[in-house]
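Enquirer: Annotation comment: TrEMBL describes 7-93, 98-182, 188-277, 279-367 as domain 'Ig-like'. The domain 'Fibronectin type-III' annotation in TrEMBL covers 380-478. Residues or ranges marked as region 'Disordered' by TrEMBL: 466-491.
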Amino acid sequence: VMGEYEPKIEVHFPDSVPAAKESAVKLECFALGNPVPEISWRRTSGVPFPSKVKMKNSNAVLEIPNFQQEDAGTYECIAENRRGKNAARGRVSYHAKPQWLQTITDTAQSIEENLFWECKANGKPKPSYSWLKNGEQMMAEGRVQIENGALSITALNLSDSGMYQCVAENKHGSVYSSAQLMVLASAPSFSKSPLKALLKARSGSEVTLECKPQASPPAISLWKKGNEILQRTERIALFPNGTLKIANVTKRDAASYTCTAKNRFGTASTTGRLLITEPTRITMRPTNMEIIVGESIVLPCQIACDPALDVSFSWAINGQLIDFQRDRDHFERVGGSISGDLMIRNIQLNHGGKYVCVIDTDVESLSTSAILVVKGPPGPPDKVAVEEITDSTAQLSWTPGRDNGSPITGYIIQARTPFTVGWQAVDTVPEVVNGNMLTATVVGLNAWVEYEFRVVARNIVGLGEPSPASAKTRTEDAIPDTAPTDVGGGGGTKSELVITWEFCVSLPAFVRGTAEW
């Protein structure tokens, strides 16, 4: 057709497009042709474009915001009409300046120790590393070794102290990580970690004495018992870090112990006395008990112990420590220094459970426990319902409440009407409702009266709280079962006769009737 020709791409993006991390990349592709060509884009890898990629100007412009490494690759612009098509390609490459993955931190090390520092960074292209000390380039020689981002210095001396920097760089930039190295040189000192002046230990236990002086370089330690240098035995262990352990100690191990620490700058020592005590024994323990609500008891907890020991007692109920100040209305610890008896006054249902007496001394911790069962009247039944009702009976059902430590032995049914004062016990079938029953029939009710019912449970402790009242329910109507009495009359005008009577109904009230003729 005259004037038509295939697309010709006149303007397109370069063959190679460098793109920085998180930058916005714009690729342009303009084509001439008749008819006007349609522009489309694709990645030669076949990977689809993410949702962030936008097309503008009739697809002539491709925008990639927040460019990331996964966006790198070869992009192709295709211009097409019915006379043919043409394409242009270009590679978008990713680059980023270094970013730290691992940095160095300030360090204090003893003289003659070894230093190892390592820094790591990522970037595109991969960064190279160098090290500076006090602003000057470091070279690998002798005690100093540098490999990639790692710096090691063996046998530190005082001249190695200073400010160090690790540098990671590529053609797009560089980053620095700085840290101070302090090389310490000092005589041993126990000012921060002396031995306890008095250490108590139970006979038969294991004792650990730690010798931890501050010293640069680290000090060599020596232990003495009195004036005697300690040697390793089956019971005595001496560790390279200066720790002394004595297994299965006896009274013969009681003495003064001295740790002496020495390095090339000086000597220091620390002394503590070891006291061996006899094991603590519980002489009186609490026992499992059953008790009625409102009573008071004492749970014993008494010991025999070495007089050199400091002793403390504590009590817990169901895993919770008893606060004697907050709960002083019910709980009180009684007894002397070797007695931790617990008095419980006016016991309530929530005081039932497991009681634990804990005895803590300087050298050990002991405990003893007992279960306390608190019995009380039953809890209130629930869900009282009228299943069926006639003119004189009502079929009731309910669910049991808590037995509170003692089985429910029976139930009492109570009712009230608008004509009664308060709740009244009613007759039932069966006459005695035992604790296993959850239904009963109330008998002897009045016809056409609105009733409410409730249930009270009992056990050997006593009567419990009543249940919530049932919904109000009216009995069915019925024919009167008695005739009117005291029928009489008289009076009235010449055109009327007054007749009176009395009718007694089975309610705690009388109804008087009057008829006029």
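Glycine is no exception: its Cβ is also placed from the backbone N, Cα and C atoms.
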Enquirer: For the domain 'Ig-like' (98-182), jot down how many residues DSSP puts in helix, in strand and in coil.
Expert: 3 helix, 54 strand, 28 coil
Enquirer: In terms of Cβ proximity under 8 Å, which residues at least six beyond the ends of the region 'Disordered' (466-491) contact it?
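Expert: Counting only partners 6 or more residues beyond its ends, the region 'Disordered' (466-491) has Cβ contacts under 8 Å with 380-382, 384-386, 389-392, 394, 396, 398, 401, 414, 423, 445-456, 497-506, 513.
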Enquirer: What mean pLDDT score does the domain 'Fibronectin type-III' (380-478) have in the model?
Expert: 95
